[in-house]
Structure formats: structure tokens, C-alpha cells
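Reviewing the structure listed below.
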Amino acid sequence: MDALTVLSIIISSSLFAAAPLIFTALGGVFSERSGVVNIGLEGLMIIGAFTAIVFNLTFASTFGAATPWVALLAAMAVGGLLSLLHALASITFRADQVVSGVAINFLALGVSLFLVKMLYDKGQTDIIKVNFKKVDIPVLSDIPVIGKLIFSNISYPAIVAIALAFVSWYVLYKTPFGLRLRAVGEHPMAADTMGVNVAKMRYTAVFISGLLGGLGGGVYAQSISLDFSHATITGQGFMALAAMIFGKWHPLGAMGAAIFFGFAQSLSIVGSSIPFLENIPAVYLLVAPYVLTILALAGFIGRADAPKAAGTPYIKGSR
Amino acid sequence: MSKRFSNLAVPVVSVLLGLIAGAIIMLISGYDPISGYAALWNGAFGDSFYVGETLRQMTPYIFAGLAVAFAFRTGLFNIGVEGQLLVGWLAAVWVGVAFDLPKIIHLPLSLLAAAAAGALWGLIPGILKARLHVHEVIVTIMMNYVALHLTNHLIRNVISDQSDSTEAVKETASLKSSFFESLTDFSSLHNGIYLGLIAAVIMWFMLEKTTLGYELRSVGYSQHASQYAGMNVSRNIVLSMVISGAFAGLGGAMEGLGTFGNAFLHSGFSGVGFDGIAVALLGGNAAIGVVLASLLFGALKVGALNMPIESGVPNELVEIVIALIIFFVASSYMIKWLLSRFKKEEK
């Protein structure tokens, strides 16, 4: 194997594994930037994965090749709805945001497994037939070197995810909406004084995180797991949360971290076929993302500070 | 409204709301809620075997709940109970398999190993929190995954030879009880239930009756005030996480030395640690509350298995009910507000 082929395999499988993480981590960035901690990302991914698979199985004959994309829309919608419950608890009812997020995770798993039992009368769904595959992007894959490295043997959701990270960066840092959203997360009282509706901003941000979390789950289910069971999403959401923190609550940072985690995940799968990695025991590659996140948090890789108001409900009139 | 009343009212109302919501879900999905809940009750308390199973399920919940509650009282959220439980499980089984000792030494040694492993897993986030102000929630989540992959690796490659589980622990390290087996028609209830109740008493005594407990609670109320009063806040944070981790590790020992008698590969988390969060929240982070809440959750989990058999309701319904209970407890602001509304109208 020449170096270029090895590199191409690594890049392609990293991006493939990273796409769902990027979407979900971006969702986390929106929510936490507005001051609402979202441990519920895992649950949002679960419900997204469930919705996408059920939709895909039911409507594959209607929509044909477009099914996975339409299923993603459904996954986003349901993820968004579930996130509103988190918003209701943590913004209106002033619940502990971490606890409410934990409840969301339990709820998503319970509801989706309950419905799988009801709909299919067994513990897991069938395997979907129309899924996201790795393809060569037309035209772009013909570019010399870069075309082979990045644009061939890649899934479309990965490209969309990377594009969306840049869109999120633009929205958060270059628009009035983004400025208000970040203001609400740093100093809600100041934002309120300037006429920003804190509750509305936070609801919007949590809703966006629901859309993106559902999207991430839908992408994961339709490109990696291909069916839905209790073991479909085990920790992908927490991984996305880690990517968000590793990326210092910044959309592009989160994307970079997610790609890195995708790289680490894919290494534990394709590592055995790559010459200089085959001798490293799999366990090191498996725990690497988590250990690196802890190290990053401990400040060995630069300090990461959460938005100041993250985790605290805003109560008008209190100091 | 008196504090004592609302402390009791919020969990009770939450459980009722959760069960009502579960009944509504059963109605909407075309099941009979009365036969569903009857099956749940029979599956949890129907005969001595089921009572034994419920108490057995309750045992690790007590430890997991105590672990979460203990950290909570010091103002720390230990989501890492799951990981601490896994390393405790493995440590207990490892000692239980590797040594040949008389029971009076072997069993305590296995338990000690579990507590030490759990404590170590709590020590790392504790130190990071105390020294570097790293948020313990994220670190403990990450530690969960490290524990999962590490214990799987050790079981597969170090303790056993590429096998999916370890050998059964030696008789001298086992918690199995022939007394309970004859009493409960060979349920898997084991002596760990005593240890769980003792642990609850220890936690109550430690928090409410000792200087250490006073300092820990004080740090939980206000770190700055505790600092001014001359307490060592960092030391107390680390200590709280270590003790919490030790409780969690013992919870793992209950599974390893009692329920299963070995350690095996986990493809995902056991869920006991996460359920511990629900147990602690519902129990108001107090020892007696944790014991009662773990009885409830033990009954729900074990009884759920009977629901599909007797009434055709998928047992996942119970997961939904548990999720809703946590949700309602978390939203206690809303429940308190509703309760005060009702009180006003009565006047």
C-alpha cells in the first residue's frame, strides 16, 4: 500500500464516522452557547436514529433513492420536538439542566424501544435497504490528489456536516441572532436589559440542538448501524458532547474535534490493516478520545471555558 | 409551605404523575393499564420468588443511589457511578477468583478491592475538580467509557484467555446465601442486601453525625462560606468523590460477588449507575430516601419483566415511567408551584 492510499482510507473512514458526531456536536454548541447544558444529546440522537429507521423502512418504496434524506427531515422534526421538553423543564420550570438532560436520555430510549416492540413485535428493527453509501463525488473527485484524498469514497452527509459547521460559525459569530444567542449564554441579565428575550432565545437554541441531534442520530442510523435496537446509539451523544467541549464550544473547533474522534474510532476498526498501527492494542485506540478529552479539560491542551451562564436558569429580577 | 412537607410531597407526586402518565400511554397504545399494572405488581411482589428478585435488584440500586446522593450533598454531580461500578465489579471478581483464603478474610478483601477501585475512579475527577476546577460531570462521563473499554480489555486479555467472561468467584468470596435461596424459592437474592442497608446507615451517620459530614454538607451549600470558616474545600471535594466512588464500587461488587458470581464483557453500560441518579433524586439525596427509592425502582424493573407475559405490555413502558418520574422531580419548581396553588384555593 502506498502512502496516498493509506491516507485516503484513513480520511474516508474518519469522515464517515465523524459525520453524525459533527451534526450533534454543533447542536450542543448552539444549546450551551445560549446557556442551556444539554446532556440530552444522547437521547436526541437515539430518537433521531429511531425515527429515521422507522421512516426509512416504512416509506422506502414511496421515496426510492431519496428515502434517507426525507427520513433525515423526519428525524430532525422528532428530535426538535423532544428537545422542547428539555427546554420546557430547564428554562420554564427551572429544573437542573443536567438532570433534565438525563431524563431526556432515559425517555428517548424508553419511548423508542417501546414503539419498536409495538410496531415490529421484536427487540430490533429490520435492516434498511436504502442507506447512505460511500460514493465518489462527481467532478470534484477528478481533481488530482485532493480529489482522491477527500472527494472520493466519501458519504454526502459528511460533506453536508462540514459545510454546516461553517454555516453555524457564520450564524453564531457574524449575525445579530448569533450575538444575541451568545450574549444570553454569557450574561443573560445584560442581554435582558438590552431587550433580548432570554427565554425565547434559549428555547430557539435548544430547539436547534434538537434538530441537529436528531439529524446526527438519523445519519448514524442510516450510514453506520442500518437498523435500530437498544445498542444502536451507545455513547455517540456523549462523544458529541465531548467533541463540543474539546472544540471549546466553537462550531469549527467542535467539527475538528468530531473529525478527530471519528479518526480515533475508525482507527480501532481499520487500524489492523494499516502497517504501523497494527501492533497497537485496540483498547488504547478505544479509550483515546475519552482520555484526550479529560486531558484537554485539565488544561494540558489549552484551557476550555464553558459559557459563563451555562447551567443556570435565568430568573428575572434576581442578581 | 413547610420544607418537610414539600420534601415528601415532591417525590410522591412525581411518582404518581409518572404512573398516571404510564397509564395514559398504555391507553393510547391500546393496552389495558389496569392489567398492565397488575402484572407489574405480581411480577414484583406476587410470590416469595419475585420478592426475592425485587430485593436483589434493589441491592446495587442502594449503593448506586448512595454514591450519587453522597456526592450531591457536597454539591458534586457524579455521573460516573456507572464506570466506578464497573471497575468495582471487576476488582471484586478478580480478587474473588485469584486468591484462596478463608471466607472471613477473602470476602472482606474482595469488597475492599471493589471499594478501592471505585474510589480510585472517583479520585481522578475529584482531584481535577478540586485543583483545576474541571467540571466533574464531563470528566466522570469520560471515565465511564474508559472504565467500560478497560474492564472489557482486562477480562478478555488479562484475567481470562480471550474468553467472554471470567471464572466464577470462589465460594469463599461469594455473597450467595442458601438461607435466602430456601426462603425465596431460589431467587438470586444474596447477602448483599444486608450490606446495602448497613451502607445506608453508615452514610447517614457519616453525613449527619460527624465533623467530616458537617464539612462536606457545608461545602455543598456554599464553597466560599466554608472557605472563610477555615475548611479545606479542595480536600473535602476530593474526599467526597472518593467516598462516592467507593459506594459505587461496592455496588459493582454486589453484582460480581452476588447476583452473577463473575464478570463478563459489556457491550454497553449496565444501566445501574444511571438508574442510581434517578434513585438519589427521588430519595431526596438522603439515606432513608435512597433505600425507599431503590425499593421502588427495584420493584419497577423486576416487575416490568412480567408485563409482557401477563398483559402483553412491552416492559420498556417502565423505562418511560422512570424517565418521567425523573423529569417531574427535576421540575420540582412546577410541582411546588402547583401544590401552593392548591393550598391557596383551600383557604
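Glycine is no exception: its Cβ is also placed from the backbone N, Cα and C atoms.
As stated in TrEMBL, the feature transmembrane segment covers range A:203-222 out of the listed A:203-222, A:223-242. Among the stretches A:6-31, A:98-120, A:203-222, the one making the largest number of Cβ pairs under 8 Å with the transmembrane segment (A:43-63) is A:203-222. Here the transmembrane segment (A:203-222) has Cβ contacts under 8 Å with residues 19-28, 30-31, 33-34, 36, 38, 40-41, 44-53, 56, 68, 71-72, 74-84, 86-87, 90-91, 128, 131-132, 157, 161, 181, 184-185, 228, 232-233, 236-237, 240 of the same chain, all six or more residues outside its ends.
Residues 37-44, 46-47, 49-50, 54, 82-83, 85-86, 89-90, 126, 228-230, 237, 311 of the same chain lie 6+ residues outside the transmembrane segment (A:98-120) yet bring a C-beta within less than 8 angstroms of a C-beta in it.
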